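Worksheet for the structure shown next.
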Amino acid sequence: MNHTCPSDNTADVDQSSFWSSGNLNWDQHRIGWAIAGGCAVLTVIISMISVLRHCRHYTKPNEQRQILRILYMPPVYAVISFFSYRYFRSYTYYSLIEVSYEAVTLSAFLLLLIEFVAATATDGDATKAIERKDKRPLPIPFCCWRYRPTKPYFMYTVKWSVLQYVIIRPAVSIAGIICQIYNVLCESGPYSIYFANVYLEVVDFVSISVALYGLLLFYGLTKEELVGRRPLAKFLCIKLIVVFTFYQSFIFSALEGRVIQATEYWTAGNIADGLNALAICVEMVFFSLLMMWAYTVDEYKMVANKKTGIWRPLWDSINYWDFFTEIWDSFKFFFHRSPGSSSGKKADFAQAFGVGGRSVEDGDRSTEESMRLAPYPYSNTHNADSASPVLS
């Protein structure tokens with residue numbers, strides 16, 4: 001039996017434009033185009049204001065580089081959704097690229113929480129931040145098992161559980177793009193074991209479930225240390241974007257062939273995808289405002305109100321070497337713990353936490369101790385409590 005995926009697009013293509021023969025062609029599709037574009041531009045402007053404010057008060061690089069990455073989420077979603085609406089025949093490619101940034105924001109959020117917790121300890125010593133935590137059960141549904149928070153394996157496991165999504169989600173998107181090119185993805189068709197979409201969604205579901213469980217585990221352990229930093233509001237800014245985009249896509253897909261009917265130039269799937277993209281563009285305006293409130297710059301302003309330059313913060317935010325460092329350190333830890341491996345010096349909890357050696361002078365640090373979340377030579381000198389930032 002030959003299994004074929006239904007076409008995503010109609011054979012006929014609308015050849016008209018906004019302006020032709022002296023007349024303005026202003027139909028529903030082009031009205032939506034204008035709304036999506038306007039909302040995308042507005043989202044970029046609002047997010048740019050938030051980003052530039054953090055860049056001008058870049059007094060805690062280890063925290064703010066993660067905040068900048070999170071603030072990029074609304075404009076990334078808005079701009080890509082606009083293009084997926086404009087070039088609706090390639091919607092699948094744009095949507096696969098769009099969801100990949102979710103992995104970046106979740107990972108940045110975990111590293112931000114780690115920085116928040118470490119900042120509450122004396123001299124930034126990670127062992128003192130969680131040393132009073134006793135052995136406790138895991139969250140539901142694994143509450144029958146218990147774990148010890150002060151062991152190095154705990155922090156390495158938590159970080160790996162979230163950072164693995166940075167690897168898996170882009171890999172799933174790349175695989176989906178390749179499958180779409182060869183017409184074996186069938187994202188707009190029914191779920192079928194004969195097409196790749198069902199398998200890729202299972203992999204993505206397992207990966208993001210592990211990542212969210214790791215975040216929940218770490219938050220439950222450190223919520224006392226996070227008081228005053230509004231971690232729940234910060235997390236909801238990210239998660240609500242994911243929830244809105246997922247469920248509205250599900251609703252529009254369910255309406256295909258029932259409420260949403262195909263036209264001469266657009267299939268029911270095209271219209272459902274377009275409505276989803278349009279809704280995302282509108283929603284991102286509000287989410288960019290919500291993020292401006294949740295990730296406020298006020299706590300990073302110095303008393304003298306001095307300004308920092310914007311270029312180094314922007315470079316920090318797109319330099320993902322800290323992600324690779326954390327992933328590699330976790331991989332090395334688990335490899336050395338595997339049976340039959342000849343491991344060297346055991347990692348202590350501070351190294352596992354990723355902030356080991358903060359209170360040690362640079363000249364006395366070993367190579368292992370200097371591997372930090374933000375391995376930049378200026379990161380210790382830009383602390384708001386110890387030195388002034390570089391003036392622009």
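Glycine is treated like the rest: Cβ placed from N, Cα and C.
Here's what TrEMBL has on this protein:
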TRANSMEM  31-55  transmembrane segment
TRANSMEM  67-88  transmembrane segment
TRANSMEM  100-122  transmembrane segment
TRANSMEM  162-185  transmembrane segment
TRANSMEM  191-220  transmembrane segment
TRANSMEM  232-255  transmembrane segment
TRANSMEM  275-297  transmembrane segment
REGION    356-392  region 'Disordered'
COMPBIAS  359-371  compositional bias 'Basic and acidic residues'
COMPBIAS  378-392  compositional bias 'Polar residues'
Same-chain residues near the transmembrane segment (100-122), Cβ under 8 Å, at least 6 residues beyond its ends: 60, 62-63, 66-67, 69-70, 72-73, 76-77, 128-130, 158-159, 162-163, 165-166, 168-170, 173, 208, 211-212, 214-215, 218-219, 222, 225-226, 229, 231, 234-235, 238, 241-242, 320, 322-323, 326, 353-355, 358, 373
The transmembrane segment (232-255) vs the transmembrane segment (67-88): 3 or more CB pairs under 8 Å: yes
Cβ contacts the transmembrane segment (31-55)/the transmembrane segment (191-220), at least three under 8 Å, sequence gap 6 or more: no
Outside the transmembrane segment (67-88), six or more residues from its ends: residues with CB under 8 Å to it: 9, 32-33, 36-37, 39-40, 43-44, 46-48, 50-51, 54-55, 94-95, 97-98, 101-102, 104-105, 108-109, 112, 234, 237-238, 241, 245, 266, 270, 273-274, 277-278, 280-281, 284-285, 287-288, 291, 295, 313-314, 316-317
